[in-house]
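Pulled from TrEMBL:
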| type | residues | note |
| --- | --- | --- |
| DOMAIN | 9-211 | domain 'YjeF N-terminal' |
| BINDING | 56-60, 120-126, D153, A250, G307, H358, D422 | (6S)-NADPHX binding site |
| BINDING | N57, D116, S156 | K(+) binding site |
| DOMAIN | 215-483 | domain 'YjeF C-terminal' |
| BINDING | K392, G393, T394, R395, T396, G421 | AMP binding site |
Amino acid sequence: MSAVTASQMRQLEDQAFSRGIEAGSLMDEAGKGLARWLLDHFPQPGRAIAFIGKGKNGGDALVVLDQLRRAGWTIALRASHPTHEWTTLARQRLRRLGIEPDQGLPAGPGPLILLDGLLGIGARGALREPLDALAEEMSRLRNQAGGIVVAIDLPSGLNADDGSSGGLVADITLTLGAPKIGLLQDVAARYCGRLGLIPLAGLPMPDQPGLELTTPALLSHLSTPRPHDFHKGDAGRVRILAGSPGMSGAATLASHGALRAGAGLITLFLDPENPATPLPEVMTKRLSKRIPALFEDRCDARVIGPGLGRLTAPQAEALLEGLAQDTTPTVLDADALNLLAGSDRLDLLRSHHLITPHPGEFARLAPDLAGLLREEAATRFVDRHPCTLLLKGTRTLIATAGRNPRINPTGHAGMASGGQGDVLSGVCGALLAGGLCPLDAGSWAAWLCGRAAERAITHGGESEESCTATHTIDHLGGAFRDWREQRR
Ligand SMILES: NC(=O)C1=CN([C@@H]2O[C@H](COP(=O)(O)OP(=O)(O)OC[C@H]3O[C@@H](n4cnc5c(N)ncnc54)[C@H](OP(=O)(O)O)[C@@H]3O)[C@@H](O)[C@H]2O)[C@@H](O)CC1
Ligand SMILES: [K+]
């Protein structure tokens with residue numbers, strides 16, 4: 001499902017009304033879906049304050065409050081306008097809720113959620129009086145009381161079509177029915193925080209070209225139950241060339257990521273001087289000058305590059321030669337990409353390659369695309385080189401020629417630490433070895449690693465500061481479970 005403009009969303013809504021669907025039932029469906037997302041992601045009941053304007057965006061927030069209260073949360077309400085100015089639907093939801101707007105801060109344990117129901121797709125221009133005062137209160141509670149701003153549909157004040165904003169900064173934006181194009185723009189990332197999509201069955205979305213958001217519902221085909229007589233050969237053989245003296249941890253993290261993402265047999269090729277401590281489940285082979293050994297045995301996927309450092313000239317030559325001959329699905333990361341860029345051999349990139357550069361590595365691969373928006377740069381790159389590109393960043397972008405590029409919504413600023421990319425490459429390798437195409441493997445791996453890092457905070461007691469690549473590995477199991485449960 002690709003992103004839509006505010007006016008396309010309104011057209012879809014009008015079409016639903018003409019099919020007999022009522023605005024009130026859409027609002028209730030939206031509010032229940034929003035609440036379910038929050039309950040899935042915040043397992044401990046806490047406190048929720050809804051900040052609402054007079055439109056339907058506020059009505060959605062009232063339905064969420066109702067659902068959270070049923071789940072044991074303490075709730076409160078702030079409203080910008082007297083109730084007689086509200087939309088009828090919102091007034092009805094307030095009656096059902098049976099509370100009055102007040103100024104107090106609800107007491108009690110658990111997270112403090114600040115629901116932004118001030119403005120949705122009905123917004124015109126910058127946030128005006130009297131809504132701006134409530135937005136300021138949310139920002140104050142976010143900065144001083146640890147409140148988590150959850151924007152309904154879009155952060156109030158953000159332009160749904162181009163992503164520009166002078167308004168509220170949200171930690172989480174849960175958009176309804178389809179992602180709004182503005183939310184997916186690079187400029188909006190800072191204002192939207194973590195994106196989530198709440199599907200609305202009453203509003204089926206058309207397929208059209210454009211950016212997509214990776215969600216379990218979009219890619220529900222990815223995870224099927226393993227047959228009971230499954231064996232390790234079925235789970236996939238991965239061969240990894242990673243790590244070097246001084247970056248030995250990259251080899252351990254990549255192989256651990258592959259192991260915890262379901263690979264059946266992993267072989268790690270190590271430089272003899274690499275002091276990496278391999279996991280007991282991982283087989284090792286000495287690399288020395290024999291890079292060709294990496295390409296000798298049959299396997300289902302290779303991962304080449306994390307922490308590899310600079311190879312000797314004969315090793316580099318042998319690696320390029322191996323890549324030219326090989327057709328096994330392969331993740332190319334970090335120093336493997338630097339080698340391709342440095343030796344001007346991007347012609348080796350093929351459709352079985354999933355390349356995973358961070359922005360610096362991407363700039364070395366495609367210096368002429370520097371300065372373009374990420375979506376455009378990625379699209380142009382895959383039009384030139386027939387591979388799949390996973391461009392790491394706040395919202396990892398995955399692109400391959402002829403398909404809609406995908407943006408990954410999971411993860412947080414705590415993932416800005418060494419080793420996370422090594423884990424991702426291993427997870428990509430395991431998923432490729434399991435038979436996924438590079439586009440699906442990259443999309444799912446990015447989602448899983450981001451979700452695992454989120455769980456390290458919400459379920460594992462970590463913070464953005466303390467979260468490490470090892471925590472991401474530790475929580476992969478929960479991320480897989482979440483994916484399966486959120487496919488509904
Ligand atoms: N589409 C769907 O399928 C579904 C939609 N749903 C929900 O409905 C939401 C859209 O609701 P909506 O149309 O009532 O508009 P909304 O954004 O709540 O507010 C409009 C009000 O704000 C005001 N206002 C405008 N700009 C302003 C500004 N800059 N600063 C200050 N005020 C400003 C304007 O007042 P006016 O200026 O006209 O006096 C008007 O009264 C949508 O985002 C989603 O949450 C779901 O329920 C189900 C499925
Ligand atoms: K909002």
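Cβ coordinates come from backbone N, Cα and C, glycine included.
Checked against D116 (K(+) binding site), the binding-site residues G59, R124, D153, G393 differ in C-alpha distance, with D153 being the nearest.
N57 (K(+) binding site) falls within a helix when secondary structure is assigned with DSSP. Checked against D153 ((6S)-NADPHX binding site), the binding-site residues N57, R395, T396 differ in C-alpha distance, with N57 being the nearest. The Cβ of T394 (AMP binding site) lies under 8 Å from the Cβ of A189, G411, A413, each of these being in the same chain and 6 or more residues away along the sequence. Proximity to ligand 1 (Cβ under 6 Å from any of its atoms) holds for these binding-site residues out of K56, R124, D153, K392: K56, R124, D153. Taking each Cβ in turn and tallying the other Cβ atoms within 10 Å, the top scorer among the binding-site residues G59, G393, G421 is G59. By the rule that a residue counts when its Cβ sits under 6 Å from some atom of ligand 2, the binding-site residues G59, K392, T394, R395, G421 yield nothing.
Averaged across the domain 'YjeF N-terminal' (9-211), pLDDT for the predicted model comes to 93. Of all residue pairs in K392, G393, T394, R395, T396, G421, the annotated binders of AMP, the farthest apart have Cα atoms separated by 14 Å. Checking Cα-Cα distances from G393 (AMP binding site) against the binding-site residues (K56, G59, R124, H358) with a 10 Å cut-off leaves H358, in sequence order. Under the DSSP three-state reduction, D116 (K(+) binding site) is assigned to strand. Of the listed binding-site residues, namely K56, R124, H358, K392, the sparsest CB environment within 10 A is found at R124. Comparing C-alpha positions, H358 ((6S)-NADPHX binding site) sits nearest to K392 among the binding-site residues S156, K392, R395, T396, G421. Within 10 Å of the Cβ of T396 (AMP binding site) there are 27 other Cβ atoms, across all protein chains. The Cα of T396 (AMP binding site) lies closest to that of I121, out of the binding-site residues K56, I121, R124.
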